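Presented below is the structure to which this report refers.
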Amino acid sequence: MDGKSNYSRLLIALLMILFFGGIVLQYICSTSDWQLLHLASLSSRLGSRAPGDRLNGAGAGDPYSSEDGALVRFVPRFNFTTKDLSRAVDFHIKGDDVIVFLHIQKTGGTTFGRHLVRNIQLERPCECHAGQKKCTCYRPGKRDTWLFSRFSTGWSCGLHADWTELTNCVPSFMSNRESQERRMTPSRNYYYITILRDPVWRYLSEWRHVQRGATWKASKHMCDGRLPTLTELPSCYPGDDWSGCSLEEFMVCPYNLANNRQTRMLADLSLVGCYNLTVMSENQRWAMLLESAKRNLRNMAFFGLTEYQRKTQYLFEHTFRLSFIAPFTQLNGTRAASVEVEPETQRRIRELNQWDVELYEYARDLFLQRFQFARQQERREARQRRIQERRKLRAKVKSWLGVTGKAVFKPTKEPPMTEQSPAFAEEKQADAERTLESETEGQVEENWLEEDDGEIMLDYLENVEQWR
């Protein structure tokens with residue numbers, strides 16, 4: 001009987017200890033604190049995203065690592081400065097800043113342009129109505145647009161206007177839309193963006209588009225204040241369009257603007273005499289255009305690649321601090337992809353577009369390095385947030401326990417020296433050792449709580465991951 005009574009008392013005591021222990025834990029740390037720490041630990045395993053950071057997509061794990069279906073190791077070929085890689089602009093949508101979209105034919109720009117007007121989380125979303133080609137993208141509280149693109153302002157500087165046309169046209173166009181009072185304000189910021197595509201598949205896509213009757217005759221090709229003459233820019237076909245042309249016919253025309261289109265549209269044509277081919281040799285002309293296109297691409301606020309939709313979305317969001325509503329999707333079922341092209345034909349297309357091939361390799365390298373740089377920057381920020389949460393938790397625990405983590409000794413007046421017995425001296429020495437051990441344990445705990453503070457971040461190139 002006594003045994004059962006003792007057992008009952010012990011069980012009741014244990015239950016009371018557990019009950020009061022739970023109350024103490026809830027008092028020390030609120031539920032949100034523990035959730036934050038748990039989520040921080042979990043996010044570090046899923047790509048070092050801090051609590052509250054939104055994953056770009058609903059998939060588990062890293063949504064970027066294998067979007068293109070290949071897990072090859074990316075090795076940077078070009079050396080870029082931190083200024084080239086760091087892309088985070090202070091875009092004031094409520095101010096006067098404008099995003100200008102340079103739309104190159106057959107690069108997926110139509111899809112991206114629709115994302116800009118229909119898929120961005122905004123305080124004042126663009127107003128798009130069925131049957132209308134353009135959307136109204138006004139700033140909050142103003143009747144002033146923040147976006148210059150096909151689907152917002154239309155082809156206001158010409159059909160598929162290039163870099164040369166846009167940089168000379170957009171500022172004056174925006175000023176003409178404003179009142180006289182607003183024209184006196186300081187000049188606004190124009191953030192140019194574009195999308196590039198693999199040159200071979202872009203070229204095939206343009207051929208198929210022209211084969212179906214597209215001409216782009218409305219393009220102005222304005223340069224240095226004038227239009228090109230027919231001698232400078234002759235046509236590849238005599239009729240109204242080039243519908244039904246074969247790939248061979250498309251390739252043999254020496255005046256075909258599809259050749260190296262991306263390089264030409266991103267370069268400053270004024271540097272080479274616009275479309276006057278007699279100013280310099282062809283190789284010298286294209287070499288200058290390539291360097292100009294590379295320079296403009298580096299200085300653009302943002303550019304994306306059709307082959308990397310999710311990374312394109314991520315870099316745009318990272319650059320402008322804007323978020324898309326729905327994730328981008330990688331669609332490979334284009335008309336160009338359905339064309340069966342012999343290896344020899346592909347080689348000829350690459351030769352015809354050798355400057356675009358060089359530009360795309362350069363752009364791809366810069367794009368992936370920017371992505372890697374942004375991801376590591378995001379991880380550093382998430383790590384700092386975890387450190388701050390850990391410090392807050394430590395401070396709350398110490399505040400409740402009423403300790404500082406370190407022993408504090410106050411000087412006291414020593415008593416007169418008296419002869420001490422060996423036993424008393426030995427006991428005093430043991431007390432001193434226990435005090436030192438306790439202080440050391442407190443310092444170890446302090447160091448453990450701040451172990452992340454002393455870590456050194458390796459250069460991002462030394463830790464290149466499997467991105468492509």
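The chain as shown is numbered from 1 upward.
Glycine too: its Cβ is placed from the backbone N, Cα and C atoms.
Here Swiss-Prot flags 103-111, R197, S205, 329-331, 335-336 as 3'-phosphoadenylyl sulfate binding site, drawing on similarity to another entry.
For the recorded site, K134 (substrate binding site), the DSSP three-state label reads coil. Sequence-distant neighbours of K134 (substrate binding site) (same chain, six or more apart, CB under 8 Å from its CB) are F151, S152, T153, G154, listed in sequence order. The feature substrate binding site is assigned by Swiss-Prot to K133, K134, R150, W155, H160, H209, W216, with similarity to another entry given as support.
What Swiss-Prot lists as compositional bias 'Basic and acidic residues' is 425-437.
Per Swiss-Prot, N-linked glycosylation site is recorded for N79 (among others). Every protein chain considered, the tally of other Cβ atoms within 10 Å of the Cβ of N79 (N-linked glycosylation site) stands at 9.
Secondary structure from DSSP puts N276 (N-linked glycosylation site) in coil. N276 (N-linked glycosylation site) counts 17 other C-beta atoms within 10 Å of its own C-beta, drawing on all protein chains shown. Taken from Swiss-Prot, the feature N-linked glycosylation site applies to N276 (among others).
Taken from Swiss-Prot, the feature N-linked glycosylation site applies to N332 (among others).
For 409-447, the entry in Swiss-Prot reads region 'Disordered'.
Per Swiss-Prot, topological domain 'Lumenal' is recorded for 31-468, and the stated evidence type is sequence analysis.
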Among K133, K134, R150, W155, H160, H209, W216, the record's substrate binders - longest CA distance, Å: 22
Protein Cβ atoms within 10 Å of Q105 (3'-phosphoadenylyl sulfate binding site), excluding its own: 22
Confidence summary for the topological domain 'Lumenal' (31-468), mean pLDDT rounded: 82
Where T111 (3'-phosphoadenylyl sulfate binding site) sits in the secondary structure, as DSSP reduces it to three classes: helix
Those recorded positions of H103, N276, Q330 having Cα within 10 angstroms of R150 (substrate binding site): H103
Euclidean distance between Cα atoms of T111 (3'-phosphoadenylyl sulfate binding site) and K133 (substrate binding site), Å: 14
By Cα-Cα distance, the member of recorded positions N79, W155, H160, N276 nearest G109 (3'-phosphoadenylyl sulfate binding site): H160
Q105 (3'-phosphoadenylyl sulfate binding site) to W155 (substrate binding site) - Cα separation in whole Å: 13
